[in-house]
Amino acid sequence: MNAIWIAVAAVSLLGLAFGAILGYASRRFAVEDDPVVEKIDEILPQSQCGQCGYPGCRPYAEAISCNGEKINRCAPGGEAVMLKIAELLNVEPQPLDGEAPELTPARMVAVIDENNCIGCTKCIQACPVDAIVGATRAMHTVMSDLCTGCNLCVDPCPTHCISLQPVAETPDSWKWDLNTIPVRIIPVEHHA
């Protein structure tokens, strides 16, 4: 019985010693995060889609802050995110990467063919922004307002019932080019 207590005490002392060493090492050798990277990462949409060429939003934020990467490569965030990052870094805003001024690619949204959906939830698990709703063995649907069109839900679908389709243009989503609209100033004549 005495040997058991000695073994318990020895293991407890070893655990306490190693815990103290690990606690000291975690504080002594801690790596401080760059606050600029944190702020950029908060601005990015966290869709982790990889359209910028990086595996996620955090690596892209690090590349912007540390490597001088362009701030205009986030497709899901679009112009709003690019403008916020430009304001944060005090740099000049740039046109979105790959976007020709005259020819903007149509915004895409995932659409589920609900007649063929088997309710496997693989698309829900793949969606980084939780834009797909449904339950196991029940019909799923996409909330188009939340969908970023990242295409991550298409491949996991075993029945191939998910496709990306362009969003229909409405007066609210239309990008009005006010510089090309002809404006004529009509002089006002005052008659007494």
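Every residue gets a Cβ built from N, Cα and C, even glycine.
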Given Swiss-Prot lists CYS147, CYS150, CYS153 for [4Fe-4S] cluster 3, the same-site residue among CYS127, CYS161: CYS127
Of the candidates CYS66, CYS74, the one that Swiss-Prot places in the [4Fe-4S] cluster 1 site of CYS49, CYS52, CYS57: CYS74
Mapped DSSP class for CYS57 ([4Fe-4S] cluster 1 binding site), helix or strand or coil: helix
Tertiary neighbours of CYS117 ([4Fe-4S] cluster 2 binding site) (same chain, Cβ under 8 Å, six or more apart): GLY134, MET139, HIS140, THR159, CYS161
Candidates CYS49, CYS52, CYS57 (binding-site residues) with Cα within 10 Å of CYS150 ([4Fe-4S] cluster 3 binding site): CYS49
Top Cα neighbour of CYS127 ([4Fe-4S] cluster 3 binding site) in the set of binding-site residues CYS52, CYS57, CYS74: CYS57
Near-site residues: [4Fe-4S] cluster 1, ref CYS49, CYS52, CYS57, CYS74, CB cutoff 8 A to centroid: LEU44, PRO45, SER47, GLN48, GLY50, GLN51, TYR54, GLY56, TYR60, ARG73, ALA75, PRO76, GLY77
